[in-house]
Every structure is written in structure tokens, then in C-alpha cells.
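A.B. asks: My structure is below; once you've seen it, I'll send some questions.
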Amino acid sequence: MALKRVGILTGGGDCSGLNAVIRAVTRTAIIQYGAEVVGLEDGFDGLVFNRTMPLTTRSTKDILTLGGTILGTTNKGNPFAYREFDDRGEIVVRDLSAQAMATFRSLELDCLFVVGGEGTLELGYKFQQMGMPVVGIPKTIDNDLFGTDYTFGFQTAVQVACDAMDRLHTTGRSHDRVMILEVMGRNAGWIALEAGLAGGAHIILIPEIPYNLDNVVTKIRHRIRGKSPFSIIMVAEGAREEGGERITQGTAGTRLQGVEQLGGIGFHLANQIRERIPLEVRTTVLGHIQRGGSPTAFDRVLGTRLGAAAVDAAARGDFGTMVALKTPDIVLVPLSELAGLCRTVPVDHQLLRAAEATGVNLGRGAM
Ligand SMILES: Nc1ncnc2c1ncn2[C@@H]1O[C@H](COP(=O)(O)OP(=O)(O)OP(=O)(O)O)[C@@H](O)[C@H]1O
Ligand SMILES: O=P(O)(O)OC[C@H]1O[C@](O)(CO)[C@@H](O)[C@@H]1O
Ligand SMILES: [Mg+2]
């Protein structure tokens, strides 16, 4: 189909590479199809409240290397259950999806490119079912989307976490300490696992494998008896002890989201370990540093490939799909196959085998 006017929004937590995607969509739509491109601001809020910005080759010319998203984003603001404070300070929940559909029609868009993780893409799928032509583009540092080898943003987050590990190694070794690094990932351990392997962690704890504390302590004691007494532990924010609960910071600050904010396992683990070993224990929480800053070359290339392929898919009329990396190709996956699913690390994954084969303790089984 001829593309005249297309829209794009970015939703969920930001990550590196979002601007590479925005640039690729904009340039492909203009250069290949002569279309106009409309940016929706702050995720689906832009669609609900008609907040837009024109995107051109000029306005996107210096953003390939830029972190964040020039469109803005939010991990709140579900238009199907929009939470706001009323005059009395009480939370009211309203369905604003019809308002979003009305904006879409008034903007005379041929389609909407929805760049997001599983939460944002589920919303995209709901709008697709209401008649909006949607093409999804998989984003998230968590790498927890089915259907794609990798989401963009993940490799950059892993690189940042790996750099942090390298630095913790030198200080940990110098002081003979146990150094714990807590990383993001929500309910998936991908960042912890890949960055832990890349950074030579001695212990990696992920949500998919509740850890046995005795096991962890045994590994540390084993190292204390050896020639390198220090230990480096990588722990995912969603990790928990066998029989224990995930540790959270309560609900998000504004109370408008209701989603649990994870974090705190690094300090909890430090307290658990400290009592049982003769070394000092220190915790570093990497936090949003993983999401900020310039994307790695891999994420710039992946974002550019996905953005270009998404526009080609729209021009063919392939709506209700997500563009995805199936190495070495970019393929299309139906949004219906992804909705509501979260891809966690399978407990028999080869990455786990490689970790244990090389002596990394995963909080389970032998050292
Ligand atoms: N299961 C769900 N069903 C419908 N809407 C959801 C669901 N989970 C989250 N949302 C909404 O989707 C939006 C973003 O969700 P979420 O925070 O999960 O981001 P995401 O797109 O998955 O990206 P990331 O996980 O990288 O932050 C928010 O508006 C949130 O309210
Ligand atoms: O930006 P916020 O609201 O603190 O969200 C943090 C969450 O978002 C992510 O960075 C991306 O989904 C998770 O890894 C993390 O749990
Ligand atoms: Mg998500």
C-alpha cells in the first residue's frame, strides 16, 4: 500500500537505541516511500492527548548515537486503564482507548509503529484489535520478549554492566572483599547472566533459579581457602532465595502505576552473607545507568535494521506484526503470539550450562 502518513511512539522504560529506531523509521518512510512521519510524545499519552511532533530527516539527523528517546516515553499511562488523581486526591481509573483511536483517525495516519517491550506491545495489539494498523518494534534492556533473538537496548545494558564488573574486580581483588553487583531485568535474568559471564562473575543469581544460601556461602569459602579470596557476585533485581520472596521497593513513587518496583536484593544478600564469612561485603546497585547513554554499535545496527524493516512491512500491509531478529534475518512475528508473554531464562539454557561448566556458581547444585 502507498504510505502517506505514518506515526511512531516509544513506550515503557527507555533504553539505548530508541533514537536509532526513530531515525531509521523516519528516513525509510521519507526516502523510500515519500511519506510524512508524525512522532507521538510520551508513549500512548501522545495518542490519547494528541501530543505530536513532526519527524523529518533534518530533525532526526544527529540522533543515531543519542541515548533515550526524543519522543519521550512512560511506563505508566495504560490508555485502557488510565490512572489519574481526582480533585480529592483519589485515584480514578478510566478507559481512554476510544480517545486514542479518535486521535489516530484525526491525524489521518496509515499506521502506527509501536516501539516497546511486552507491556507496550500488548497495548499495541489491543489497538490493532480495535482496527488500528500496528507494526511493533521490540525494545527493552530486559530482553524478555518472545519471537526475537535479542531486543535492542539489551546489548548496551550488558556492556554497561560488564564494564561495572570489570571495575568491581580490581577493587574487590585489592581489598579481598565480596563485591555484589545488582542489575535490572525485572523477572528475567538475561542481563545478569550475560554480563556476569562477560565480566567473569564467580556467582550469578537470577530470578529463574531461586538461590540456596548455603551454596553461595560454600562457593565464597572455597575461594577464601584458595589463592584469590575475593568474590564477585552478579545478582538480578528479581532474584530471590529458595522459599523466599522477590524484594521490592513498594509501588512506583506516583502510585499511578501500581506495578511493583524491584530492587534491594543486593543489600539483602550482603547482610545474609556477611554474617557467615570473614570478609567484608559491599553492594553496588547499577540502576538506570544501564538504560542511559549512547547505544553500542550492535544496538545501533539492530535498531536501524528493525526500523527499516518495520516501514517495509507497513508498506506491504503486514499489520498486527512485530519485526524481529532471527539471526541472520529480520522476520515478522504476529503480535497475537506475543501478547502478555514474558521470556525468562529457561533453566536448561546453554548459557547456564556454559556458566556452570566454567565453574560459575548459580546458587544451585554443586560449586
Ligand atoms: N500486562 C499488561 N497489559 C496491559 N498493559 C500493560 C501490561 N503491562 C504493562 N502495561 C502497560 O504498558 C505500558 C508499559 O509497560 P512496561 O512498563 O511493561 O514497559 P515495556 O513496554 O514492557 O518496556 P520495559 O519492560 O522495557 O520497560 C504501561 O502503560 C503499562 O501500564
Ligand atoms: O524506570 P523505572 O520505573 O524505575 O523501571 C525500572 C524497570 O524498568 C526496566 O529498566 C525495564 O523494564 C526494568 O529492568 C526495571 O525493573
Ligand atoms: Mg516490560
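Backbone N, Cα and C atoms are what each Cβ position is placed from, and that goes for glycine too.
Predicted automatically and left uncurated, TrEMBL annotations should be read as such.
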A.B. asks: GLY13, GLY17, GLY34, GLY172: which one does TrEMBL list with LYS76, GLY77, GLY117, GLU118, GLY119, THR120 for the ATP site?
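C.D. replies: Looking at GLY13, GLY17, GLY34, GLY172, the one TrEMBL places in the ATP site next to LYS76, GLY77, GLY117, GLU118, GLY119, THR120 is GLY13.
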A.B. asks: Out of ARG282, ARG300, which one does TrEMBL list together with THR140, ILE141, ASP142, ARG177, MET184, GLY185, ARG186, GLU237, HIS288, ILE289, GLN290, ARG291 for substrate?
C.D. replies: ARG282
A.B. asks: Quick one: give me the count of other CB atoms within 10 A of the CB of GLU118 (Mg(2+) binding site).
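C.D. replies: A count of 21.
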A.B. asks: Around ASP142 (active site, proton acceptor), how many other C-beta atoms are within 10 angstroms of its C-beta?
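C.D. replies: There are 28 of them.
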A.B. asks: Between the Cα atoms of GLY119 (site 'Important for substrate specificity') and ASP142 (active site, proton acceptor), what distance do you get, rounded to the nearest Å?
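C.D. replies: If we compare the Cα positions of GLY119 (site 'Important for substrate specificity') and ASP142 (active site, proton acceptor), the gap is 12 Å.
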A.B. asks: Average the pLDDT scores across the domain 'Phosphofructokinase' (5-313) and report the rounded value.
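C.D. replies: Over the domain 'Phosphofructokinase' (5-313), the predicted model scores a mean pLDDT of 95.
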